[in-house]
């Protein structure tokens with residue numbers, strides 16, 4: 001059976017980006033949480049915050065390493081599977097990727113060692129500054145990558161000559177129409193993912209009585225973050241949706257399963273989109289609600305998929321991914337508010353008093369991953385059939401490889417990523433069973449210092 005090499009190349013890139021995005025999503029948010037832990041310890045002297053920092057900096061380091069490795073392999077694919085993209089858009093994509101290395105990666109690399117291993121080698125304030133600079137570096141990295149991705153979604157500031165993109169205005173390229181909304185949405189999603197990760201793992205540790213007060217302090221921090229950031233994400237998502245409706249109406253039509261252009265468009269809660277029949281089977285609809293949500297007017301017009309025949313994305317994947325994202329997001333809002341109520345208003349900090357909450361938070365540990373993956377599927381599949389929206393088709397930039405070649409590398413990537421993902425989760429489980437101090441390099445370092453002092457004496 002012969003598979004389409006174009007489809008296999010797309011699946012391979014999807015596998016790579018799906019694995020890669022898991023780890024920057026954690027590190028971008030978690031690094032700012034670590035800065036908060038370090039700040040609290042520096043100015044309060046409370047050892048619980050130091051223990052919290054010791055534990056979570058190990059998870060940050062592991063996530064950062066996997067993010068860097070998977071990011072390198074993903075970059076290779078621009079040359080191996082999609083050479084036409086850099087040939088056509090390299091004048092824009094190349095500098096943006098270069099800016100990420102210069103401003104973000106160097107900043108992270110320069111201070112990461114101090115952050116991870118410099119606790120007893122530099123002053124508290126220097127260590128705090130190193131943590132802050134690594135957090136700034138991860139945010140800068142997201143800034144440049146999301147700027148490029150947003151330009152591919154809503155291109156601006158360019159001129160097109162002989163099929164090659166040239167820069168007219170770097171300001172317009174970087175701050176293209178969708179960038180502010182996409183960056184805010186993703187940055188907040190990273191913080192929210194970190195919030196549920198620290199709540200989930202802390203709940204698992206609390207059920208086993210590991211690290212006592214430090215574990216509950218971390219969980220309370222995560223609860224506040226979730227209670228504030230989850231509703232904020234809904235608001236940012238609404239603004240992002242308005243922007244997408246303006247610039248990418250075909251994507252919105254696929255998300256909502258709207259086939260005919262109409263006013264007072266109903267919101268389809270559930271259904272099975274059928275591209276051949278140009279309808280959504282078994283649809284459960286709420287009259288007028290799609291227009292109200294997407295245009296903020298009851299009689300707002302939503303352009304249907306039939307206006308974009310041959311140039312709209314695959315409907316079913318976008319339709320379902322959007323509902324997964326929204327469904328998980330609503331659940332995160334509810335759990336975030338409830339956990340904040342339980343931990344801050346009721347104030348019970350015991351396994352017996354919070355048994356139900358601890359179990360639910362444990363289940364929700366990786367809910368941020370699910371929502372982020374679903375959201376990126378909406379973003380990337382929803383842009384098809386374009387790699388640069390409306391200007392450059394994905395099929396025009398793919399490399400001429402045989403099906404066997406692409407299938408073989410796809411199989412290898414999937415096996416490797418499954419192994420790494422299982423190993424990562426197993427490592428988190430192992431670390432969750434250990435007190436923060438037992439995972440730190442500090443006891444060994446202090447023992448070495450003591451031996452050195454005895455030798456000098």
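Cβ atoms are placed via backbone N, Cα and C, with glycine included.
Model, not experiment: these values are computed from the prediction.
The feature transmembrane segment is assigned by TrEMBL to 20-39, 51-76, 96-116, 128-146, 186-206, 218-236, 320-344, 356-378, 410-432.
The stretches the transmembrane segment (320-344) and the transmembrane segment (96-116) do not meet in space: the count of Cβ pairs below 8 angstroms, excluding pairs fewer than 6 apart in sequence, stays at fewer than three. Non-local neighbours of the transmembrane segment (128-146) in the same chain are 24, 27-28, 31-32, 34-35, 38-39, 42, 96-97, 99-100, 103-108, 110-112, 114-115, 118, 122, 179, 182-183, 186-187, 190; each lies 6+ residues outside the stretch with a CB under 8 Å from one of its CB atoms. Across 186-206, 218-236, 356-378, 410-432, the stretch most heavily in contact with the transmembrane segment (51-76), judged by Cβ pairs under 8 Å, is 410-432. The stretches the transmembrane segment (186-206) and the transmembrane segment (218-236) meet in space: the count of Cβ pairs below 8 angstroms, excluding pairs fewer than 6 apart in sequence, reaches at least three.
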